[in-house]
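To start, the structure itself, in structure tokens.
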Amino acid sequence: MDLIGLPTLQDNYIWLLINPQHQCLIVDPGVAAPVLHYLTENRITPKAILLTHHHNDHVGGVAEIVQAYPEMPVYGPAETQGQGCTQVVADNDTLSLLGCQISIMALPGHTLGHMAYYSAPYLFCGDTLFSAGCGRLFEGSAQQMFDSLQRIIQLPDNTLVCCAHEYTESNLRFARHVLPKNREIETYQQHVTILRAKQQPTVPSTLRIEMEINPFLRCYDYDLQRNVGFPTQPNEIWRVFACLRNMKDSF
């Protein structure tokens, strides 16, 4: 399988997962034009659209793409039914597409109905997990988002984190702020700076990398707890996450 990230809008990525038969899945098409252009130029036939949540920068291109390919199914959570979804998915559902078994994961937090799609090694996680960061809490609670991230980290460490935005540089600045002595973050920040200077993407990263450099996955880290001024009991680690998310919102 080939994975293509199409940069769109200000900082979005639309993901295409392409098999050797030149068939593909489209994930979170916020706009249609770059998708339709890529499909035409490369003679690729789309077989399905996968939606993670209802925000317009993830669903805005659905109608135009379906107009060009009218028989194509659109999978998504119930919250996307008004944005072109034709097949509602729920937690622990499995899809069989392009010869892949795709597991559906409910990840509430950014929105209440947010879903992710996992087919090893690819995790299409929308706006839940970013490289070195996580999504804002527009609808869900801090505890819901913390639990969603805890679910993600149970996946294999070679999982490719196919998130929907190029936020890595700014996220790493915050990571350095709350974990200033973390050498892995410092080294990775240098790597990302070089990539962005060349206008190259920083995603997908791997879950292994994220466990090292993403403060939102390191809420058990004593240094992090001390630096944010919120040491807590093991059964209340989500409160560290809540404090961290509030800090990031105003950083």
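For all residues, glycine too, the Cβ spot is worked out from N, Cα and C.
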Given that Swiss-Prot assigns Asp57, His58, Asp127 to the Zn(2+) 2 site, pick the one from His165, His177, His191 that the record assigns to that site as well. His165
Which one of these binding-site residues, His55, His58, His110, His165, has the sparsest Cβ neighbourhood, judged by other Cβ atoms within 10 angstroms? His165
Among the binding-site residues Asp57, Asp127, which residue has its Cβ surrounded by the fewest other Cβ atoms within 10 Å? Asp57
Under 8 Å by Cβ from His53 (Zn(2+) 1 binding site), counting only residues of that chain that are 6 or more apart: Gly76, Pro77, Glu79, Thr80, His110, Thr111, Gly113, His114, Met115, Gly126, Asp127
Within the same chain, and leaving aside Asp57, His58, Asp127, His165, name every residue whose CB is within 8 angstroms of the centroid of the CB atoms belonging to the recorded Zn(2+) 2 site, in sequence order. Asn12, Asp28, Gly30, Thr52, His53, His55, Gly126, Ala164
For Zn(2+) 1, residues beyond His53, His55, His110, Asp127 with C-beta within 8 angstroms of the site's Cβ centre include exactly Thr52, His54, His58, Thr111, His114, Gly126, Thr128, Gly135, Phe138, Ala164
